[in-house]
Amino acid sequence: MSSTAHPTNLAPSGNGSAACVHCHRRKVRCDARLVGLPCSNCRSAGKTDCQIHEKKKKLAVRSILDPVPIRCRPPNPEEAPKPISSLSPSSEPPNAFTTALRAVQSDITAPSGVANRVAHIRSRSSQYDTKGTRSNNNSGNNTQYQNVLPEPDSPPYSRPAASDPSEGESRADIEKRLVNLIDGEASDSRAIQRGVRAIYVGHELSNMSFLIRQQRDTGDDVYHFAGNEIPRRQLRTGHDQLLMDALTLPEPALADELVHAYFAQVNPGYPIVEEELFMSQYRNRDPADAPPILLLQTILLVGAHVTRPKSERDTLKDIFFRRAKWLFDNRIERNRDILVQAALLLTWHSDLADDDVSANAHYWIGIAARIATGLGMHRNPVCSRFVPRDRRMWRRLWYILVQFDVMVSLSYGRPQALNLEDSDVSPLTFSDFEGCGARVQADFVIHFSELCTMISYIVRERFGLRISAERRKAALLEADEALANWSLRLPDRLRLRASDMDPWSAMLHLTYNNFLILLHRPHPRASAYSDDYGPHDAEICSAAAGVIASIFEELRIHDRLKQVWYSGVHTLFTAMIQVRVELRFSNPVLAINALRRFDSASYSLRELAQYWSHASTILRLFEESRRLQEDLRTTTSDRPRRFSNLSNNSTNSPASQQKNTSGIPHLANINSSDATPPSAPSIPPLQPSSQLSYEVPTTESAHHNPRSQPTLSAHTHTYTTQPFDTWIPSNNLTPMDTVDNSREMLDWRQLFSFTDLEGPVLPSTMEGITELEDEWRQIYWQETPMSDLLQDGGWMHG
């Protein structure tokens, strides 16, 4: 029996439509609201279980462009933690970041809610279009950066507890991996089995590759060694908590401090972010025009690197990195320009030293390079219909990416991610820095871009795998002359100075002198390229190492090591290898002077280890290797010396010299104690015909600049397609049979330009230069100061 009475529990629908479960399933029109239950269709079908279909309740979702306001966790009366601020620094780990998002706590235990929110976030278009310009449909962006009072009944989100003590032991083992590799007796015979991490020591320019290849003069090209076991990590943060954690911001006072620190200490030299645009968005607190959350999290990370003490720095950087990486990996930000900016800023995060391939700066530069070339940043945007602001930003980002790519390539001896032969981006000009703030270092960025571009071409011509021996030898001559011309043309504010060196000119000369050592130090195998060197390699490497050690000492004294980027650690590593060779000189004066440099460099490396985790592994290498310590003791002992007349005058001074914590002499006294210095010869002025045109080879410059197309002789016509030649004047492309004579004409002191040329700041000529040069090479080739610690592996190709 069926009832035709209208049910009393059927409320009229807002749109006048409702369906029973059967009609909803069949997707047919239902008249249950009009005739009651059962509906006409169910009565005709004889179904008695006719019921109104109830729609499932939709979870409240919010876009990343329309988040809820951020609030603080209610204070715990038992713990009463102190907030982190610039006014009240705390040595305890920061806990001001345990904030939560209001109105989403009900979804914490429901992973599907998070999935729905993420799907909705991805479906929403970004507030920026693909060119970085503002779109018009962003009125719903209600992002706020002030904290609001929490609801009393809402459960807060708290970070996981601190890690277990075993992680500290694992970190110590990771930092000692280089020591274990060095002191191990059979590191080259260990099989790379499953579960064991392979170590690629790099190629040619890598310091670890250079050290490992010294011991035996064999032909086996081994580049991979067995490392430690692959560590196992557990995810301490649940997947359902990652989204709300990534959208969390710190207290306004701390956020303001970190943002200001970034734009005051980092962005002037690496203008990745347009300061005026970002700060206007950040200060206005306009919900319709808020700064991108991904970019803000990465800026907070870099700001924490340069401001907070170590007790807070590591924790803060881990928090900001976790949030930024989640936002990056889940493609929350749809503007690809911001992805390039974020990837470059994430290079300031120092992950654990157990992985320098899929983490740290090398990894993020590779990602930034892929995105940038995918966007077409490597092509000249002049003729494109770009907004001028975006055109300037693209050029800046491209050349900063070139800088980072070259520096990381020199650090690890790995191929560069960018090939400048495929780029025709016009050189930077001062107009490209409009909107970057009054503190921007335009001179530094322009000249540093020139240096890194030149290094990129030199590395390919000097160290390329398929470069002929003749071309390789000629490239050394051309590189020296190009570098000397570039150095002599630096403006006075960027030249080397004896004291008070700003961090930007310091970074410029650290990279420059690091490359001089890599370019001129001998090959670790005596039989390979034994004639491929110049007559002044020892002086150049020694002077460059002294400059590097002095710059780091100057930065350490003025508390500016925090502004040194990732590659600075490897630059100091290069200098310490050279200084360690000098520790074995038979001349005691030179050995003691090298000991001063080594002590100063060790102090700087210890300070850098406070900021960069990979510096700790190098520090352990020099501090805990038993064989390295034995060589250091030998330097201060009364061992037989070749120069007996100098030995008697200096054997009673090493102990007192070693206690001197002032480190090495300043730049004004480089090598002044090596021997009786004659008057430094004056630098001959460059002739107008030999001036370099430091213009990046582009399609425009090839047609409009006749000097960029050198006239080659018959002996060098096969190299006309090499892009490096466009950086070298035509008279530098000397025929192969006159390379040695031409090299003698270049004064090696031209490679070192100082501000005050009237003082004794240039490296002076050392006594017995011929004997010193021979001894220097013999130490590299025969005594091998570090090869007795390391196993062989094939440092270079065949």
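Residue positions begin at 1 at the first shown residue.
Cβ atoms are placed via backbone N, Cα and C, with glycine included.
Looking up the ranges 20-50, 268-298, 423-453 in Swiss-Prot, the one annotated as DNA-binding region turns out to be 20-50. Mapped onto DSSP classes, the DNA-binding region (20-50) shows 16 helix, 1 strand, 14 coil. Mean model confidence for the DNA-binding region (20-50) is a pLDDT of 89.
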